[in-house]
Amino acid sequence: MSGTVPGGDVPTPADEAGLEPRAESVVTTGTSSATTTGTGIDEAAAVTTASDDASGEGGSAAVDGPLVSDGATDDAPADSAIAPADSVIAPADSVIEGSAAIELPVIEEWILQQLATGSNALPHHVLGQHVVAARGVADPVTVVRVRRPLAEKVVAVLSTGARVELTHLHDGIWQGFHILGPQPYTIEARYGDGGEWTAEDPYRFSKTVGDFDLYLIGEGRHERLWEALGARHREHEGVWGTSFSVWAPHAQAVRVVGDFNDWSGEGHSLRNLGVTGVWEMFVPGLEPGAPYKFDLLSRDGRWVRKADPMARSTEVPPATASRIPVSHHQWSDSAWMEQRAAVDPHGQALSVYEIHLGSWRPGLDYRDLADPLIEYVTELGFTHVEFMPLAEHPFGGSWGYQVTGYYAASSRFGTADDLKYLIDRLHQAGIGVIVDWVPGHFPKDDFALARFDGEPLYEHPDWRRGEQMDWGTYVFDFGHTQVRNFLVANALYWLEEFHVDGLRVDAVASMLYLDYSRKEGEWLPNEHGGREHLEAISFLQEVNATAYKLYPGIMMIAEESTSWPGVTQPTVSGGLGFGLKWNMGWMHDSLDYMANDPLWRQYHLGEITFSFVYAFSENFVLPISHDEVVHGKGSLIQKMPGDHWQQRANLRAYLAFMWAHPGKQLLFMGQEFGQYSEWSEERGLDWWILDQPAHRGLFDLVGALNRVYRESPQFWELDFDQAGFEWIDGGSAAPNVISFLRKDKQGRPVAVIVNFSGSPVHGYRVSLPVAGRWEELLNTDAEIYGGSGVGNFGSVEAKDEPWSGRPASAEVVLPPLAALYL
């Protein structure tokens, strides 16, 4: 390489790595005497400086031997950013009065220019302290180089107390040397206005990313990636500060910027750590909470400013900077965590209350929410809450489904510790926590992941795989080793750091199919010519298998809207490895059925019974989620026909049918008390209607459903086993009446009878497995729930009168638009 940069192009890290380093020499870490023969070094200070050259820019002669020896002060690769002897600027001798010449290695001007502008890929190879061989002295000397633009005088103050006055080399780069060996030092700088500034030199510290971390990152197997990359406040080599590291393999240089350097990163250039594409730097004295971003130099010479992909704290939107994180939370949920790990959650009661934090009780932060949320969910009896995405997102109208900060809890509601406090409190109250997770796509905001280092990195480079046109987002490149690692580790991060009990994976169908919502010519087939996204399938299998292996007792839940086979089958059997899958078919069919006037429902009976045909093909959750109560769809109660009384009666019958149907259940907030207005993230729920007895009755019914459900293993022990379900009648005995048995592992039954007609049915004969008294566990038409009070006085008597293939039967009064549990 020549000593100048042709055409002004910035050399790449690979170019600089091509500079041949000299053979390493033995590093001398100190001297046994304050004097060295022939040097004329001051005996008291045992230090010296290099003199300016004739041009005033400074320089010294090249020497044979190593240009920079790593010594004990720099763990960077041996590739040197200092030019070899055959491409140096002609030096002037460094002469100290009354001594022989001391000649130091020469640094080429283009490299000094890069260092001055923060555009060098290996700044720690030049700046900081280095042990080098120097002509004119027998032993190696320690060179100190720093960047202090505009300073008039710069001194390195060694830990021994010695002071090394530095000489200006080029555009704010200063240099001096001593013979005391590598040691901690600080830099004093004096400026023309008389101001003085003393600080640590960030370039004197060794790297903070370990070799094993780099190996795992390179292999795409770092399961605790957040502990290796991002910003970490820490003590390093006896000094407190913050280490920064970022994966940016296409970048030619990387700088960290923030308030601490007036958002100008020329003096805080990260070093490239080799083929992994990781860049790193330790900034002493930088405290938690400080905002920062990265400036990255693209291959086409542009600087792009980005938030940290691994940021664990951010500014409150619309501000977009990352913040240095800190956590002091001490968990108090050990009993919950131990119990969780001891049981299979898929065979337990699971009744989920879905929440959008910002609109459940507007204005409350994570900590404020703890008391009212726990009290409310406990009264209703739900086993779990599911939070819509909590990761940072710039646009509130996305509800969190367009994520820019995958490792940062949204700062809208407080800090990460505040969220940990909320989850901790929920666990102590016996309430599990599921969080929505969005690994399928991400927004195109310039400050975040999009074109991160100036070109496609997290997204697939071909738009036919890398963009989701309907949503205006990019799609992750699931075949890229480090991108997969970023996502797998992110799932583990939420499970580990926030103790969440499950992740509901959003929009799985969009990941599985290459032609999802794409026209002809807008997608690329896989290597076999098919539409299956093989890399995404492999990714989902990996994240599920890893999560279940490392965190026993958690749940991985798929929002998958197609009939893809084996979503909840184990990965060893070729399945995707999820524990649960949303049953979107049940949701659509059952709501279509309920929308019919009761008079005509008998002609649509298949819509309410078809789900039983495939109910055991996957491990299903029955979802009435946020998606069904927005964008003009109306609230759940608005989907019911009839006047207000009939709508509430329909809703009560539907919810009881839902709770009794094989599968777990999920209900979105506001539907538990029959909110009429459609949900919007811009306002809170209509809490005032709970003051109306009819709507309070709906609320009380949901509480009763959860109580009966949790106390009756018939409804959940065999949710995914045909042995737990048995038809009594699928609608043939009376129009719009269906009945079935749910059974536990001991075979003990609960009879469920639902009358979807608008009229009561007297003398309805139901076949039962045994004669005797059958208690009425639940009647949705009870007056306490806002019903008409039609019923069976709390029980029915089954007689030894065979009916429909069973040895016993009973005559039952069926209330209109109501369900009975016996």
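Note that Cβ sites are derived from N, Cα and C of the backbone, with glycine treated the same way.
Here is what TrEMBL records for this protein:
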- D506: active site, nucleophile (ACT_SITE)
- E559: active site, proton donor (ACT_SITE)
- 25-53: compositional bias 'Low complexity' (COMPBIAS)
- 354-705: domain 'Glycosyl hydrolase family 13 catalytic' (DOMAIN)
- 1-76: region 'Disordered' (REGION)
Length of the line joining the Cα atoms of E559 (active site, proton donor) and the residue listed as 'active site, nucleophile', in Å: 5
For D506 (active site, nucleophile): intrachain residues, at least 6 apart, with Cβ closer than 8 Å: P389, Y401, D436, W437, V438, P439, G440, E559
Mean predicted confidence [pLDDT] for the domain 'Glycosyl hydrolase family 13 catalytic' (354-705): 96
Cβ neighbour count (within 10 Å, all chains shown) around E559 (active site, proton donor): 21
